[in-house]
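> Have a look at this one before I ask anything.
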Amino acid sequence: MHQKLLKSAHYIELGSYQYWPVLVPRGIRLYTYEQIPGSLKDNPYITDGYRAYLPSRLCIKSLFILSNETVNIWSHLLGFFLFFTLGIYDMTSVLPSASASREDFVICSICLFCFQVCMLCSVGYHLFSCHRSEKTCRRWMALDYAGISIGILGCYVSGVFYAFYCNNYWRQVYLITVLAMILAVFFAQIHPNYLTQQWQRLRSIIFCSVSGYGVIPTLHWVWLNGGIGAPIVQDFAPRVIVMYMIALLAFLFYISKVPERYFPGQLNYLGSSHQIWHILAVVMLYWWHQSTVYVMQYRHSKPCPDYVSHL
């Protein structure tokens, strides 16, 4: 029996710790914060429940065990299926019933595709962040950040297209500008220090800047439509504000590490800030999808006003 156990075990080394067996397929060991490699040490208030030092096969199998990444993985895996299902429903029911044009189909498809990519990249990172190869972990981290950029791009594409639906010039200006910003973020990831913990604050500033840029086209849209008193502005501006409020709330949870900061070790598996960040990200993207459908239906029900189309 002892020999069979040894043959079915994958051994790892924990620095100054002794060798521990990681049994296949169900005996994936969970570690404390002190035992994990430095690349995983992001939140000292999450004290236990870490997966680490696993090969790819066991990383995948860890999808079905309870760890401190379980909610992070499944929240965005379910988020992916949500947006995939919405894509099918939109293409087969919502858009045809609204007499949508070919452009509408393209824009809505791009938007939902970006959301799905964002969800899958996040799932991939949180699933394989426990890989025994630090190089592999960093590749998945880079994909996670790329996925966030793509998700932001999806919001901008649909938002700019329908906000400047009646003004082709400004629509092209803002779409090109946003695309250039996203590409700049991609190129920034090439820097060897981009994914290090020392650059964590800079990464946050970059993504806040890219997200916050949306205030500029929003204010321009308000001005083009006659100011805050215009009916269309009063109808749609609150939707933009709600989206930004959800994003801000999610970001505050992310950077503050609240509530686990006040309950260290008690929220290792459920209720941590990163899990709340994940759930709010899904809520935000879903809200923006619903807003996109709403404004698309509005654009097809009312013609463009002359004072906008000539500006």
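Note: Cβ is positioned from N, Cα and C throughout, glycine not excepted.
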> Do Swiss-Prot's topology records have Arg102 and Cys304 sharing one side of the membrane?
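Yes, Swiss-Prot places Arg102 and Cys304 on the same side of the membrane.
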> Three or more CB pairs closer than 8 Å, sequence separation of 6 or more: does that hold for the transmembrane segment (276-298) against the transmembrane segment (173-195)?
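Contact criterion not met.
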> With pairs 6 or more apart in sequence, are the transmembrane segment (141-163) and the transmembrane segment (74-96) linked by at least 3 Cβ pairs under 8 Å?
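Checked: the transmembrane segment (141-163) vs the transmembrane segment (74-96), no contact.
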> Quick one: mean pLDDT on the topological domain 'Cytoplasmic' (1-73)?
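Overall, the topological domain 'Cytoplasmic' (1-73) comes to a mean pLDDT of 75.
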